[in-house]
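What Swiss-Prot records for 12-36 is NADP(+) binding site. According to Swiss-Prot, the substrate binding site annotation covers Ser136, on the basis of similarity to another entry. Marked as active site, proton acceptor by Swiss-Prot on the basis of similarity to another entry: Tyr149.
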Amino acid sequence: MTTIGTRKRVAVVTGASSGIGEATARTLAAQGFHVVAVARRADRITALANQIGGTAIVADVTDDAAVEALARALSRVDVLVNNAGGAKGLQFVADADLEHWRWMWDTNVLGTLRVTRALLPKLIDSGDGLIVTVTSIAAIEVYDGGAGYTAAKHAQGALHRTLRGELLGKPVRLTEIAPGAVETEFSLVRFDGDQQRADAVYAGMTPLVAADVAEVIGFVATRPSHVNLDQIVIRPRDQASASRRATHPVR
């Protein structure tokens, strides 16, 4: 077991190698947390941890043994940010790729379950724990071509909201963050590295950036312990739903 040499509160952030996870790690570190950055890409989280004075732990949330090792490595956890996740493809149900569906389920749903279950005893023992789960507006909406992702995100949201009730009376708060369009590596992963397709997702609009979501997570993490922000939906001004958005001329 690793005892972090600080009396600071400890925040574990999954998917911390880029995007919302990286921005959240930086935000929480600036607020005084000792951040444990968790992701698969060792080079990125090691550099991040060095920059923010945190700890890097390489782990894949789809790997049972890796998540168990993560839990053993930590002597204290005050905040958990379940951020690891993603989408694959944009096929209609009739053309669904089962491997894509399996990946999305294992990463978004079972990944959140594995990490939360493994760290929950330490969050309770902290006496003032917080679980933030980054879902998506896809957890509350559906859209054509998005069934695999929306199904996974609906399930992830249901997991989180169920836990909210199951932990009543325990010293742990739970907040679901449901972002809309955020320009990160998300679309690049979804379209298997096709930069042109990824760029087209945000063309003609002003999307959120990772720091926008991280700022909200930082706000949640610094509320008094009796205040529970159950769900926060955050979209760009240009987006009303997953399928409704404003488009401006490209200058």
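Using the three backbone atoms N, Cα and C, a Cβ is placed for every residue, glycine included.
Features per Swiss-Prot, on structure.
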| residue | record | DSSP class |
| --- | --- | --- |
| Val12 | NADP(+) binding site | strand |
| Ile20 | NADP(+) binding site | helix |
| Leu28 | NADP(+) binding site | helix |
| Val36 | NADP(+) binding site | strand |
| Ser136 | substrate binding site | coil |
| Tyr149 | active site, proton acceptor | helix |
Long-range Cβ environment of Ala16 (NADP(+) binding site), under 8 Å and at least 6 residues apart: Glu22, Thr24, Ala25, Val35, Ala37, Val38, Ala39, Ile45, Leu48, Asn83
Site of maximum Cβ density within 10 Å, from binding-site residues Thr24, Ser136: Thr24
Rounded inter-Cα distance in Å - Gly32 (NADP(+) binding site), the residue listed as 'substrate binding site': 27
Residues that sit under 8 angstroms from Tyr149 (active site, proton acceptor) by C-beta distance, when 6+ apart in the chain: Ala87, Lys88, Met104, Asn108, Ser136, Ala138, Arg190
